[in-house]
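A.B. asks: Annotation comment: TrEMBL describes 106-214 as domain 'MacB-like periplasmic core'. The domain 'ABC3 transporter permease C-terminal' annotation in TrEMBL covers 281-402. Per TrEMBL, the feature transmembrane segment maps to 276-302, 322-345, 375-399.
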Amino acid sequence: MYFEFIRNVFLKKLVLTLLTLLCLISFGFISYHLLRSNLYVLNNERSLQTLVKRKVYVGNDQSTGKQFSQNFKQKNLAKTNAHARKVFAYLDKNYHYSLRWSFDSNLNNGDSVSIDTVNSNFFKFYLLHIAAGRSFNSADYKSSSYYIPVLVGANVAKSQPLGSKFTAVNSSSGKKEYYQVVGVLQQNANVPSVYLLDNQNYLNNTIIRPLRRADKMNLTAAQLLAAAQDLIIFDSSRTELNKLTSKFNQGDFFKIRFISVEKNISDFYDSYRGTAIMFAIFSLAIMVIAVLIIVWNTWNCLSEEQSEIALRISLGMRQKDVLSAAIIYQLLIDILAIVPVLLYAGSYSKMLADSSVGSSSQIVLNGLLPRAETVSLLISFILMLLITVLAIALVAAHFNRKTLALRMGDE
């Protein structure tokens, strides 16, 4: 009965129905992206609370293209590397720091991976859960053994499981290294960025190796610059940081600043807030248009079919059935509107999880969608449902309060 009523009453103005659907699809996409981005921001900010509580400062590489081009010319490279080792020796001797540099590489089977080098303090600020094996111990950083102990991401572990030994060229040094897997990271382990809180830096395709004594002795300028962008300095005064900044920038080799984590987060919100508000207003405007179309279309459809509705009521149809039919109609429209968003979210997540090159996928899917995507999609759909169903229900309820005249006339 309801579907026959919907077809004869609400679907007579098909253009308005399609326009409503288009508006709701647009709202679904924008609100989904906005909600997902906000969830990433909240999650990453929560993950960075350890840094906030310790009052740490984070490096920010502001070196110019001219500096980079000049310092990394072949004729100047030895001098640049010597300066980098001098700066690092000063850093290592006088400061408490957490360091990580990351370079892309390939395994012998062709899989794309990132080889990250970290010092022992890295794990004080970034809690990475181990799914199998162990994390690094103090001996791993002091060791000079042939095989370097490594932690591997979930995708890398498929070809290099716990206990396995393998080789790879570490592109940060250009040397072939020998690794032994001592631990496997939990699926979708990630390191939050201090600068881009709305991003997720997954470690599924990552090999993490300890910063050893030999690495410190042979450190290159490329490695130091890669580490400088997220270099964490803690338990140091502003005066001590100024000395370190001067040491880095001596001789116009680099241009490094140290900024507090609170300032980084504040700066991110200053730029992010405006964009988020703009998208929120845009999505709200689209929803307002959709609601206006729903109200206009519903009222006109019911008014134009008033005599037929009156006839149906005289034959036993209840007035509340009009309300039920209107709600069912809107539910169907909302479901149709969220389907493209669901397909997009699912295909995008699958694209991140699957790849033609083994472990180059970024995430591991345990279900249809990752948690943030699922929550964002649900909230977006619930908002759409509440607003549109409430709008059409109010119109239908108001219509039911009218006196329905059974106008037979010449008909």
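Positions of Cβ are set from backbone N, Cα and C atoms, glycine also.
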A.B. asks: So what's near the transmembrane segment (375-399) in sequence-distant terms, Cβ-Cβ under 8 Å and 6+ beyond its ends?
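C.D. replies: Contacts with the transmembrane segment (375-399): 24, 27-28, 31-33, 35-36, 39, 287, 290-291, 294-295, 298-299, 302-303, 322-323, 325-327, 329-331, 333-334, 337-338, 341-342, 345, 369.
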A.B. asks: Residue list, the transmembrane segment (322-345) vs rest of chain: Cβ under 8 Å, 6 or more residues beyond ends.
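C.D. replies: Residues packing against the transmembrane segment (322-345) from afar: 2-3, 5-6, 9-10, 17, 20-21, 24-25, 27-29, 32, 294, 298, 302, 309, 369, 373, 376-377, 380-381, 384-385, 388-389, 392-393, 395-397, 399-400.
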A.B. asks: When DSSP states are grouped into helix, strand and coil, how many residues of the domain 'MacB-like periplasmic core' (106-214) land in each?
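C.D. replies: Taking each residue of the domain 'MacB-like periplasmic core' (106-214) in turn, the totals are 15 helix, 42 strand, 52 coil.
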